[in-house]
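Report on the structure given below.
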Amino acid sequence: MSEPVVSQAAEPAVPRHVAIIMDGNGRWAKARGLPRNLGHRQGVDAVREVVRGCRSLGIRYLTLYAFSSENWKRPQSEVSGLMDLLRLYIRRELKELAGGGVRIRVIGDRSKLDADIRDLIADAEAQTRDNTVLTLVIALSYGGQDEIVAACRRIAEEVAAGRLQPEQIDAGVVAGQLHTVGIPDPDIVIRTSGEQRLSNFLLWQTAYSELIFVDKLWPDFGQQDLAAAVAEFQRRERRYGGTGE
Ligand code: FPP
């Protein structure tokens, strides 16, 4: 008797890289009559949840938009509250993250950060550089346009010095000058709080990302919401400009 034919449906692909615009901390706090910084503090709990969620789903890269180049315009008390949260997060969680195989990378303009935060970041990156389970990319003082402008400037310098010919410039050369060099482009960008825009986040890298907008405010976002976004990604057909045939 011949063996029964078992149809083996292919496992849906787990996204390699999830990037998140963590929006809605202020509204979360306001709805409770609390100061905005308490919304950000609650947002750190959501960060912890999502890092756990990525590890259990097998996602290899997670990028979090923690502070944009435009966020410097916020009131000084909110800016310093956010910087304190970042200090606390790195100090408190580094051991657990490092022990769990998480590599930390920070992208953005570090020159604007306080020296002690720059040192903390450099130390966290050095301590975790050989970890491979999950790369946690924190976008801090980050702006996509600034990143592309800086890349153009470096490429122009290479051309001016005669080390690069203009016709050698292609997408790979540009990508090689971005903060995200070596990191695959995001498969998914999630934005919470119902807003539907990119707000200067990973402008080059999101050319073919699936955009998923979620109504929940960031402090309410958890592992189940991450899993739901992944399921939504798995239902979508990515065609990269082709026909999908
Ligand atoms: C946007 O909400 C959120 C931010 C500008 C900050 C996000 C930062 C954290 C969640 C904490 C620190 C991060 C890490 C990685 C430890 P909003 O304040 O613009 O909300 P609103 O639109 O409701 O006012």
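Positions of Cβ are set from backbone N, Cα and C atoms, glycine also.
If you draw a 10 Å sphere around the CB of Asp23 (active site), it holds 22 other CB atoms from the protein chains shown. Annotated active site per TrEMBL: Asp23, in sequence order.
Here TrEMBL flags Asn71 as active site, proton acceptor. The local packing around Asn71 (active site, proton acceptor), expressed as other Cβ atoms within 10 Å of its Cβ over all shown chains, amounts to 17.
Residues or ranges marked as Mg(2+) binding site in TrEMBL: Asp23, Glu210. According to its DSSP assignment, Asp23 (active site) is coil.
His40 (substrate binding site) is surrounded by 23 other CB atoms, counting those within 10 A of its CB over all protein chains shown. Mapped onto three states, the DSSP output places His40 (substrate binding site) in helix. Taken from TrEMBL, the feature substrate binding site covers 24-28, Arg36, His40, 68-70, Trp72, Arg74, Arg191, 197-199.
Counting only the Cα atoms, the space from Trp72 (substrate binding site) to Asp23 (active site) is about 16 angstrom. Its Cβ taken as reference, Ser69 (substrate binding site) is surrounded by 19 other Cβ atoms within 10 Å in the chains shown. Trp28 (substrate binding site): 23 other CB atoms within 10 A of its CB, across all protein chains. Local packing around the binding-site residues Gly24, Gly26 was summarised as the count of other Cβ atoms within 10 Å of each Cβ; on this measure the leading residue is Gly24. For Arg191 (substrate binding site), the same-chain residues that are 6 or more apart in sequence and have a Cβ closer than 8 Å to its Cβ are Ile20, Ile21, Asp23, Arg197, Leu198, Leu211, Ile212, Phe213, Val214.
Checking the binding-site residues Gly24, His40, Ser69, Trp72, Leu198, Glu210 against ligand 1, the ones with a C-beta less than 6 Å from an atom of that molecule are Gly24, His40.
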